[in-house]
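S.K.: Encoded as structure tokens, here's the structure I'll be asking about.
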Amino acid sequence: MSGDNGGGERRKGSVKWFDTQKGFGFITPDDGGDDLFVHQSSIRSEGFRSLAAEEAVEFEVEIDNNNRPKAIDVSGPDGAPVQGNSGGGSSGGRGGFGGGRGGGRGSGGGYGGGGGGYGGRGGGGRGGSDCYKCGEPGHMARDCSEGGGGYGGGGGGYGGGGGYGGGGGGYGGGGRGGGGGGGSCYSCGESGHFARDCTSGGR
């Protein structure tokens, strides 16, 4: 009980509440007395400084400039780092506040995120200069010599990679593509002609 790191006497208590967003809360001392104010700068932690409600803590008491007692050098039992609100809980901890930020714009779904939605990967098929099949500049997917294409090859679906949005984003995204922007033969999978002109005997 007298692990005196800061010269004062270590006391024990439990966290009454702690607002992670605002960075402060109160501790109820085990030996009675008034609840003590605690600021996140007084927390001994590995990483994000927060406290979980009802968490057992040890601390020292200091009188602040307004002559009020406050808890400082707050740690877990036996001087261990506090557990805190590292996963969420009341307003957030590490993730919480804006955590995961994936929904709306960017980051996955929505407008222009990494793959889905309107802009998707290739800028929504808005005439970029790189081939959707192989990623090389200088030619379009329909003229690409790399395999793919065909009924489900390459980007999957009818036109595999070619077409409106090509491999990933945009309108036709890998799936329907084809039709609208050239693409490959449905019968043999080769580019440069349509199924009705195919000489490979598919139909």
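Glycine is no exception: its Cβ is also placed from the backbone N, Cα and C atoms.
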S.K.: Examine the ranges 3-20, 39-56, 129-146, 147-164 and name the one recorded by Swiss-Prot as zinc finger.
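M.R.: In Swiss-Prot, the zinc finger feature sits at 129-146.
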S.K.: Go ahead and report the DSSP secondary structure tallies for the domain 'CSD' (12-76): helix first, then strand, then coil.
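M.R.: Here the numbers are 3 helix, 34 strand, 28 coil.
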S.K.: Where DSSP helix means H, G or I and strand means E or B, what are the helix, strand and coil counts for the zinc finger (183-200)?
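M.R.: Counting residues per DSSP class in the zinc finger (183-200), I get 3 helix, 2 strand, 13 coil.
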